[in-house]
There are 2 protein chains.
Amino acid sequence: MIKFFEYNWQVRDDWFDWCNQLAIEELLKERRGGTGSILYTLFHIIDVEYSWLCGIQAKKDVVFQFADYKTLEKVKSLSNTCRIEVAELLKTNLNELKEEIVSVSWDEDEYTGDDILHHIIAHEIHHIGQLSIWARELELSPITANFIGRKFESIHFN
Amino acid sequence: MIKFFEYNWQVRDDWFDWCNQLAIEELLKERRGGTGSILYTLFHIIDVEYSWLCGIQAKKDVVFQFADYKTLEKVKSLSNTCRIEVAELLKTNLNELKEEIVSVSWDEDEYTGDDILHHIIAHEIHHIGQLSIWARELELSPITANFIGRKFESIHFN
């Protein structure tokens, strides 16, 4: 479980670096499918991860508005800020989180914490797959999605 | 770990059903990014999963040629055949598989079985994300990628 978070965060950071080669207009450009734009996809991944983690802890959801984060630097900064909190939580409370029965404001059903953690992981990988299609449309090489063959920065970094 | 396989297989089957609405020419049509076509993507996911599972068991790789599987029915059938074997293996040997140190014919490095299982899972979710972009290009709704809110068929089905 933790390994997938480490993987997702490393791939996300690689995509942030990749984004540096593009003008903000390209990052915000509306594209077909997915969540609509490259930058919004990255924002959405962070937002969903953080919201569900708040949900598992029965904390009130913090709603981020994309209108406040329409630059690469702001989305990267949001990612870094949220990650510190999420990493700390996973590091110290993973087993308890998995056992929680969770209901959240934006969904009628109840889920286990374990299922929500699976959902967060799959959600990010799915959307990153979409970025790779858009990269090819821009005639750029996408970031590799390989799980093997990479060195992970441990989640215990802070 | 097992839950992600159950999720991937359910989503894959949903995509097979989704493919029924398209002519074979659309399924084989070369598209930008990813592995190139919808049907080849599904074939590739099965091939990679099966090859790595053979690798973990130190079995000789069985090479499938896409030229032999260029219909939806053939790819579905390949998926079903491989899945029986993979499910049986995961069901009975998961902990042993995770511990294996694996080297395979198509890669110079060694990996743990655990990392390879992570790789197989992320590989499928990544490519399925790409199918969802192509679905929108065809002005069709993609299959949902949500992990939560679905009932899984247990891997212990056979």
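Glycine is treated like the rest: Cβ placed from N, Cα and C.
Note: TrEMBL annotation is automatic and uncurated.
Taken verbatim from TrEMBL:
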- A:HIS44, A:HIS123, A:HIS127: divalent metal cation binding site (BINDING)
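In sequence order, the binding-site residues from A:HIS44, A:HIS123, A:HIS127 that place a Cβ under 8 angstroms from a chain B Cβ are A:HIS123, A:HIS127. There are 23 other Cβ atoms within 10 Å of the Cβ belonging to A:HIS127 (divalent metal cation binding site). Applying an 8 A CB threshold to same-chain residues 6+ apart, the list for A:HIS123 (divalent metal cation binding site) reads A:ILE45, A:VAL48, A:GLU49.
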